[in-house]
Amino acid sequence: MASIQRVTARQILDSRGTPTVEVDVTTGEGVLGRAAVPSGASTGAYEAVELRDGDADRYHGQGVLRAVGHVNDAVADALHGMSVLEQVAIDDTLRALDGTEDKSNLGANAILGASLAAAKAGAATLGVPLYRHLGRATARTLPVPLMNILNGGEHADNNVDMQEFMIAPAGADSFSEALRTGAEVFHTLASVLQDRDYSTAVGDEGGFAPDLGSNEEAVELILDAIEKAGYTAGSDVFVALDPAAAEMVEDEAYVFWKSDPDTERSSEDMVEYWAEWVDRYPILSIEDAMDEDDWDGWAMLTDAIGDEVQLVGDDLFVTNTKRLTRGVEEGCGNSILIKPNQIGTLTETLNAIETAHTHGFTAIISHRSGETEDTTIADLAVATGTGQIKTGSASRSDRVAKYNQLLRIEEQLGATAHYPRLDAFPLTN
C-alpha cells in the first residue's frame, strides 16, 4: 500500500537567506520523499498565505517554525497511514485540515511541502522519476526556458522598473541546445555590460541588475548580446518580459517609480505602451503587463495585442482556477503562470494547468525569487507538457539546479524527447 509512516518538517534557508519549509514524507517501507518550498518577493494579493512567525527576534520575523510545527503535528497525524499513491486524497485531506480558502490556517508553505513530498515518495515507491509518476508514459515534452538575464523592479536594487527581461531560445532544436544558447547570450551580455562600464552584479534570479538609462535600454542591450553571441533575434532567440505591473500601481494609476516617478499612466496608456513595444521588439511574451485588479485593462490589452503575443497572468490568476475562469470569460490574457506555492497543493496546481489548456490558454511552470535546490518544477514542466518554464538565469545554483534536472530528463527520454520550439507559443505561428 506504501502507506505514510512519518511526516517531518524543518526550517531551512532559501536562496535569499530567508527561512522556508522543507518536508520529509517516509513510508512504512522506508521510502523517502523530500520537498522544499520556495517564496516570492513580488507576491500577488490573491495568493495562498505563506505562514511566517512574526517574531522580530528571530530572522527579523521571517521564521517558519509555526508552519513547521503544523506539519509535525496536525499534518503528520492526518496523513499517517494514507497511501503515497493517492495524491488527490492526500491533497483533499490537507485542504480539509486547513479549512480555509487561502490556506491561512496551516500556511500554504506547510501544506505544499507535505503535498510535494508525498508525490516524491509516490514516485520513489514506484521506482520512476517524478515526471513519469505525474505525467505517465506520454510525458516527453521539454520546456522552452524563459531565462531572466536582466533584473529590475522588486528583484533588484537598481533604477530599472520592469522586473524581468528574459530571453526565449525558441529557435533551438533541443532543450540542451536552447540552454547552451541562453548561457552563451547571458555570458555575452556580461561582456556587453562591462564594455559600457555597467555593473554585472546579479539579482535574486541570477540576472544582471545594472543601473540603466531607461527600460528600453535593457531590451537594446539584450538584442546586442544576442547578435554578438552569434544568434538572430526574432528567429533564434526572442524577448519575454515581466513588468510586474502590480508593483507600479497607486490610486489606480500606473507609475514607473524608478525611472519616471512623476508621470501617471492610465490603463489605456499602458495598453498603448505595450503595443508600441511589441511593434518595436521581437517580444514573444509579456507577463503581468497590467495590475492584478485591472480586469478592464487586461481585457483592453488582450483585445489590442492578444492575437500576436502571449499575455501571461501571474498576479492576475495566482494559479487559481476560479480567477483563471473569470479571465477566460472576460477575455483577459491568454496564458497563466503556474507557481505551486500560490495555490498550496499539487492537485490544485495540476487542475489550473488542465483548466488553462481546456480553454486554449498556454501555461508556464515557474520558480519564485526565493528558491532552493529543490527541482520539482523541472519534473512538473515535463509531466504536464506545458512547453515553457521560468526558472531564472544561467547563474546561481538554485536556478541552474532546475536546468540541470531538465538536462537529465532529456537524457533519460533519449530519442523520444520533444522540444516544442515556437509551437510552445501558438500565437506566434
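Placement of Cβ uses the backbone N, Cα and C atoms for every residue, glycine included.
So that you can see what the record holds, here are the features copied from Swiss-Prot:
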ACT_SITE  GLU205  active site, proton donor
ACT_SITE  LYS339  active site, proton acceptor
BINDING   GLN163, LYS339, ARG368, SER369, LYS390  (2R)-2-phosphoglycerate binding site
BINDING   ASP242, GLU287, ASP314  Mg(2+) binding site
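All features noted in Swiss-Prot, drawn onto the structure.
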residue	record	Cβ neighbours (10 Å)
GLN163	(2R)-2-phosphoglycerate binding site	30
GLU205	active site, proton donor	30
ASP242	Mg(2+) binding site	27
GLU287	Mg(2+) binding site	28
ASP314	Mg(2+) binding site	28
LYS339	active site, proton acceptor	26
ARG368	(2R)-2-phosphoglycerate binding site	26
SER369	(2R)-2-phosphoglycerate binding site	23
LYS390	(2R)-2-phosphoglycerate binding site	31
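Take the mean position of the Cβ atoms of ASP242, GLU287, ASP314, the recorded Mg(2+) site; other residues of that chain with a Cβ within 8 Å of it are GLN163, GLU164, LEU241, PRO243, ALA244, ILE286, ASP288, VAL312, GLY313, ASP315, LEU337, LYS390. In terms of Cα distance, the recorded positions that sit within 10 Å of LYS339 (active site, proton acceptor) are ASP314, ARG368, chosen from GLU205, ASP242, ASP314, ARG368. Among GLN163, LYS339, ARG368, SER369, LYS390, the residues given in the record as binding (2R)-2-phosphoglycerate, the maximal Cα to Cα distance rounds to 17 Å.
ARG368 ((2R)-2-phosphoglycerate binding site) sits 11 Å from ASP314 (Mg(2+) binding site), taking the Cα positions as reference. Listed in sequence order, the recorded positions near ASP242 (Mg(2+) binding site) (C-alpha within 10 Å of its C-alpha) are GLN163, out of GLN163, GLU205, SER369, LYS390. You'll find the Cα of ASP314 (Mg(2+) binding site) roughly 13 Å from the Cα of GLN163 ((2R)-2-phosphoglycerate binding site).
Secondary structure from DSSP puts ASP314 (Mg(2+) binding site) in coil.
GLU287 (Mg(2+) binding site) carries a strand DSSP state (E or B).
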